[in-house]
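Participant: Sharing a structure, written as structure tokens. Questions coming.
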Amino acid sequence: MPMLAKPHQILTDALHAEYAIGAFNASNMEMVQAIVRGAEKHASPVIVQTSEGAIEYATLPVLSNIIATVAKASPVPVIMHLDHGKSFDMAKHCIEAGYTSVMIDLSPLPIEENILKTKQVVEYAHARGVWVEAELGAIVGHEGVKELHGGQTPDSFFTDPKQARDFVDRTGVDALAVSVGTIHGAFTGQEYIRFELLEEIQKAVFDVPLVIHGASGIASKHLQQACTTHVCKVNVDTELRIAFERAAGAYFSEKHDSYDPRKIMGPARDAMQLVVEEKIELFGSSKTAAIY
Ligand code: G3H
Ligand code: ZN
């Protein structure tokens, strides 16, 4: 398997099929290994994505080299993706570090500024063969609103289908993250997907893969249904973190005298891998790695 896979063919194939590729956040070695091992168990391509916070925590050279090294040894295609990039410079640094895909998330900006600055990233990335995802609308839990009552996304946050068409045409992005009711983080258990809105967006921007953020906490049947639409990438972070915390907590609740970090990190890695496997199963991309 080549060093790192490019998303172009993988996500375009998903656009014309009824499955999506899982995109899982990582900030250390065990998370990267859990994600790629989970994908290998299902013979599925996978996206290992890093937020700006993960890059700050681990540093870009360390984190990108962990992902690239694990990807190089894997039989499945592994895409390395910048999640919620907030600036041209961050996208540029990641592209220089070998990322095959970047998200530039300027959704908090006024639309015209979002379009202008997103276009700059698209031009820079495309000149280097790198895929670009952007976001239109706001997904609660990252863009400002931290606490929700009743798990409802404010109407003004939802992606507008007409605006989405104009945005894609004027920026040239390869994929569009949409706000259709999902929420970052496991909020209230009332997270939902507005399928009627998703369908309108899909009709308007029929030509680009859609991305669902905030998949943690979404009912399995709704995730499965979403993956049969033009949703081609589904982001999961919080459920991996919960699995990690539960496994580490189980260790500390027992008496031990090992004082060995591997006794904590190993079971936590296995627990996160199970979440990855469960999500890939739901997203329907098992056994599609053979195509590449
Ligand atoms: O960008 C990352 C994902 O949107 C994380 O969402 O923590 O709700 O799974 P989640
Ligand atoms: Zn997100």
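From the backbone N, Cα and C atoms, a Cβ is placed for every residue, glycine too.
Note that the structure is predicted; figures quoted are calculated from it, not measured.
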Participant: According to TrEMBL, GLY214, ALA215, SER216, ASN235, VAL236, ASP237, THR238 bind dihydroxyacetone phosphate; identify which of GLY181, GLY185, GLY266 is listed for that same site.
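Facilitator: It is GLY185, as the record lists it for that site.
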Participant: Which of HIS42, HIS126, HIS184, HIS230 does TrEMBL put in the same Zn(2+) 1 site as HIS84, HIS213?
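Facilitator: Among HIS42, HIS126, HIS184, HIS230, only HIS184 appears alongside HIS84, HIS213 as Zn(2+) 1-binding in TrEMBL.
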Participant: Using a Cβ cut-off of under 6 Å to any atom of ligand 2, determine which of the binding-site residues ASP105, HIS213, ASN235 qualify.
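Facilitator: Passing the 6 Å Cβ check against ligand 2: HIS213, ASN235.
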Participant: Of ASP105, GLU135, GLY214, the binding-site residues listed, which put a C-beta under 6 Å from ligand 1? Please answer none if none do.
Facilitator: GLY214
Participant: Determine the Cβ neighbour count for ASP237 (dihydroxyacetone phosphate binding site): the number of other Cβ atoms within 10 Å of its Cβ.
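Facilitator: The answer is 25 other Cβ atoms.
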Participant: By a simple count, how many Cβ atoms lie within 10 Å of the Cβ of ASN235 (dihydroxyacetone phosphate binding site), its own Cβ left out?
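Facilitator: I get 25 for this one.
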Participant: Would you say which of the binding-site residues SER216, THR238 has the most Cβ atoms within 10 Å of its own Cβ?
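Facilitator: Max Cβ neighbours within 10 Å, all protein chains included: SER216.
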